[in-house]
Amino acid sequence: MKSNFKLFKRISFQGQMCPNEKSAQTETTSYNITKSMLYSLLVSLVLIYAGTWSDSHGKRRRPMIMIPIIGQLATDIGNVICSNIWSIPGHTVGILNGLLPGISGGRMLLFTGAVCYVTDTTGPQMRTFRIGLLAALYFIATPTGDSLSGVLAVRYGFIFVFSLCILLNSLALVNCFFFMRDTSEAYDVREVQSFRTQIVDNLRVVSKKRPNGSRMIVILALVASPLVRSPMVGK
């Protein structure tokens, strides 16, 4: 749906079709690639530190769930503004949708925080089932949301869809703030490693020696992932 929004932005500032639609689609693809690269880079940097920060600061899981929701709220508010002010160019929308979710961790940080929270609050008997249920809901939500957003955008417009997202994310944030149990524990600040040490230790996980050529497998998987993803985004 956000790709359609950027395409409509590029086709005409007045919301009307133009004869140069093919060129607009080409530029929209370029915006999507830029957005994906920006988003992926920022999310990767956030995830490298977020898990270590959470574990070293008394297992604080709520920020890992609430910060991505706040970032998505800010993104949707920006999209509403861009929908009202049609003169804002499409590449601004692309940067907006890559920057704000990226620096707040995006869906990956939300999912990571949710898995950690379920692990901390669930006994061994039900833990695997609940994590599996959470993963299933995560993957079901993506195609369901894409389908519904397309139908709603055609029928009611972009402003309605983004406003609905703001409402739902606001309800989720209220639920986290008032009803989500705080599982954090007391910790000694003197035992917390410095930011630099934590980042370096996390990066060493990839390069450390492993048996049976496992290190090379990890490195090749990291290289192959963007190569597989890029054609799908470009198309």
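Positions of Cβ are set from backbone N, Cα and C atoms, glycine also.
Model, not experiment: these values are computed from the prediction.
The transmembrane segment annotation in TrEMBL covers 36-53, 98-119, 131-152, 158-180.
Tertiary neighbourhood of the transmembrane segment (98-119): same-chain residues 34-43, 46-47, 50-51, 54, 59, 61-65, 67-72, 74-75, 78, 127, 130-131, 134, 138, 180, 183, selected by CB-CB distance under 8 Å and a gap of 6+ residues from either end.
Tertiary neighbourhood of the transmembrane segment (131-152): same-chain residues 1, 4, 107, 111, 114-115, 118-119, 160-161, 164, selected by CB-CB distance under 8 Å and a gap of 6+ residues from either end.
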